[in-house]
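Below is one structure, written out as structure tokens, with a few remarks after it.
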């Protein structure tokens with residue numbers, strides 16, 4: 001089969017012929033239809049400092065995908081050949097305290113698909129049946145391919161009740177934009193998103209944010225005044241990992257405000273902890289998706305009319321992966337899709 005492989009410990013990816021993966025009695029063999037390119041994949045392609053520590057070559061990368069079940073193991077139930085499926089990219093041990101308590105997203109032994117084991121940038125991928133999500137209702141293939149990052153957005157956005165709340169989102173990357181769409185759909189009063197990229201702020205406007213604010217030119221306080229917010233934001237969703245974004249978020253929260261933080265900082269940084277304490281602000285770290293409450297929520301949101309189409313800005317055949325990765329790395333668009341059927 002064809003696969004995109006990190007063949008060498010150096011920058012680049014290689015489209016190669018590799019053996020089809022074998023599957024065991026509790027596994028599912030999936031014919032990949034479409035995949036999404038993630039920031040993690042860009043790091044692996046560039047072979048930066050993180051990738052050098054995290055990845056062992058050779059490796060088939062990729063963890064955002066949709067596919068059709070090609071075969072199932074002898075012990076697999078409730079999944080059938082021909083089912084349309086996506087996959088949870090965090091593989092857990094199933095034996096630790098958190099896993100046994102049903103908190104699998106908190107497993108201390110999580111292995112990442114396409115990082116710690118061969119992934120989905122290939123014609124076929126194998127996953128444990130427990131990591132396979134069957135789409136029981138019709139879903140657009142491009143959207144099904146990005147259920148992994150969509151899940152990050154949903155997990156973050158729905159960390160706190162949103163109805164009637166004023167929400168600040170720092171970082172208008174694809175996940176930030178999806179989180180904005182979710183917050184709007186879930187009943188937030190005002191949704192403000194910030195970035196320094198006009199191209200991405202334009203995408204955010206397409207999902208119905210109240211204000212898309214370029215913080216290179218204006219401050220968050222300016223945005224508050226424009227919307228008539230006198231007491232600050234109720235909910236903060238930090239998606240950028242930028243120290244200045246987190247500091248500005250803390251400075252613009254109301255007393256008792258709640259912050260969900262998905263953005264991963266590159267290094268340690270200082271924040272105004274005195275303000276967090278005296279304003280009684282809650283800060284919650286978010287990583288991945290809750291298994292499988294987040295997946296259920298994603299499906300229900302889409303059934304209820306949530307429109308993520310503006311987030312998809314590029315589609316390429318898998319043989320054009322270099323152009324697709326360049327597009328994704330430009331930082332100018334949304335999600336980029338690779339089609340494995342052409």
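All residue numbers here begin at 1 and follow the chain in the order shown.
Here the Cβ of each residue, glycine as well, is placed from N, Cα and C on the backbone.
Bear in mind that the values here come from a model prediction, so they are computed numbers and not experimental data.
Binding of NAD(+) is attributed by Swiss-Prot to 195, 200, 262, 263, 264, 286, 287, and within the candidate set 175, 276 the record adds 175 to that site. Listed by Swiss-Prot as binding Zn(2+) 2 are 93, 96, 99; the candidate from 38, 107 that the record includes in that site is 107. According to DSSP, residue 40 (active site, charge relay system) sits within a helical segment. In sequence order, 152, 155, 156, 175, 237, 238, 239, 286, 287 make up the list of same-chain residues 6 or more apart from residue 262 (NAD(+) binding site) whose Cβ falls under 8 Å from its Cβ. If you measure from the Cα atom of residue 64 (Zn(2+) 1 binding site) to that of residue 99 (Zn(2+) 2 binding site), you get 23 Å. A distance of 24 Å separates the Cα atom of residue 96 (Zn(2+) 2 binding site) from that of residue 63 (Zn(2+) 1 binding site). The maximal spread of the NAD(+) binding site, taken as the longest Cα to Cα distance among 175, 195, 200, 262, 263, 264, 286, 287, is 23 Å.
There are 16 other CB atoms within 10 A of the CB of residue 96 (Zn(2+) 2 binding site), with all protein chains counted.
For residue 175 (NAD(+) binding site), the number of other Cβ atoms no farther than 10 Å from its own Cβ, over all displayed protein chains, is 29.
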